[in-house]
């Protein structure tokens with residue numbers, strides 16, 4: 001999986017996905033909630 005955030009040298013996720021606390025992309029509250037690093041509300 002593509003790494004994002006701190007673990008991925010500041011990379012953002014494709015398709016407006018949230019960057020979770022462990023540096024992986026996803027769209028569930030696990031990624032978008034507590035610990036989210038970027039695009040936590042999509043690409044607005």
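Just so it is clear, glycine is given a Cβ too, placed from its N, Cα and C backbone atoms.
What Swiss-Prot records for this protein:
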type	residues	note
DOMAIN	1-42	domain 'Chitin-binding type-1'
DISULFID	4-19	disulfide bond
DISULFID	13-25	disulfide bond
DISULFID	16-43	disulfide bond
DISULFID	18-32	disulfide bond
DISULFID	36-40	disulfide bond
Cβ neighbour count within 10 Å of residue 25 (disulfide bond):
23
Sorted by position, what residues of the same chain at least six away from residue 36 (disulfide bond) have a C-beta under 8 A from it?
18, 19, 20, 21
Lowest local Cβ density among 16, 40, 43, which the record lists as disulfide-bonded residues, within 10 Å:
43
In sequence order, which same-chain residues at least six apart have a C-beta under 8 angstroms from residue 4 (disulfide bond)?
11, 12, 13, 19, 23, 24, 25, 37, 38
Given a 10 Å Cβ-Cβ cut-off, pick out the one of the disulfide-bonded residues 13, 18, 19, 32 that has the most other Cβ atoms nearby.
19
Secondary structure at residue 16 (disulfide bond) (DSSP, helix/strand/coil)?
helix
Cα-proximity to residue 32 (disulfide bond), 10 Å cut-off, over disulfide-bonded residues 16, 40, 43:
40
Overall pLDDT of the domain 'Chitin-binding type-1' (1-42), taken as the mean:
95
Tell me the Cα distance separating residue 40 (disulfide bond) from residue 16 (disulfide bond), rounded to the nearest angstrom.
9
